[in-house]
Amino acid sequence: MASSKLVLVMCFMISAFGIGIGAKFNQEFDITWGDGRAKILNNGDLLTLSLDKISGSGFQSKNEYLFGKIDMQLKLVPGNSAGTVTAYYLSSQGPTHDEIDFEFLGNLSGDPYTLHTNVFSQGKGNREQQFHLWFDPTADFHTYSITWNPQRIIFYVDGTPIREYKNSESMGVSYPKNPPMRIYSSLWNADDWATRGGLVKTDWSQAPFSAFYRNFNANACITSSPSSCNSNTTTSTSSSWLNEELDNTSQERLKWVHKNYMVYNYCTDSKRFPQGFPADCLQNS
């Protein structure tokens, strides 16, 4: 609790809380690459990324965040999306960067997407968990959320937790907590590894491939903003993410996802770790 209070005080001093639900993409993000393949439409309410044989595309947030709850609705590339990756993640920069990843690995028509998650701290990742989804993520928009606080990182799909990564600093494992991170997203070709280990290549006759974004919300500490946090704006609701943890119902939902939809877990891959599993697996399996 003491560390949470310290972080909240720090947020008061250096940041502003919150961006409203359905924030305008043209106000909160910059298109960073793609030579016109990324577009902000509908008065800032919709963002699209596209990929063809020449290039993919991407965008990043104008703000940097230090802890918070991030929500984004995505509708993924439909049909034969094999070889494509739609990435949506938080990251700092440099060789010792921190990163919290959602990556959606495309597949042949009729086969499920693989949702790849990872957590990097001080440049070290290798903490992959992968899932299939219990719906078609190309048919409609679905909400993908990250709660990041000093105690844990929770990945959600439509409000259902799919992964919890707990702070294991007491075991000598670094944890993402400094520096702050931006939000990034991109649609790109990764047919050397994305689908069945690279066996299935991108079918460029299906291009251009497109992914769609809407209803971005960040209830978070924004480190690039002038100080405007105060006790009147940081209500118990707006800052609930700071001490968020999974209640019994959410724990049961998490177990349901792991039992039925998890397809890879680094903490059970004995071939990869013949000398023993990483220390953080003790509380993150």
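For all residues, glycine too, the Cβ spot is worked out from N, Cα and C.
From a predicted model like this one, the values you see are computed outputs, not experimental measurements.
Going by TrEMBL, these are the annotated features:
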SIGNAL    1-18  signal peptide
DOMAIN    19-213  domain 'GH16'
ACT_SITE  GLU99  active site, nucleophile
ACT_SITE  GLU103  active site, proton donor
CARBOHYD  ASN107  N-linked glycosylation site
* Structure fact -> Cβ neighbour count (10 Å, all chains) around ASN107 (N-linked glycosylation site) is 20
* Asked: For GLU103 (active site, proton donor), what is the tally of other C-beta atoms lying within 10 angstroms of its C-beta?
  -> 19
* Structure fact -> Expressed in Å to no decimal places, the gap between the Cα atoms of the residue listed as 'active site, nucleophile' and ASN107 (N-linked glycosylation site) is 25
* Taking the Cβ of the residue listed as 'active site, nucleophile' as the centre, how many other Cβ atoms fall within a 10 Å radius? -> 17
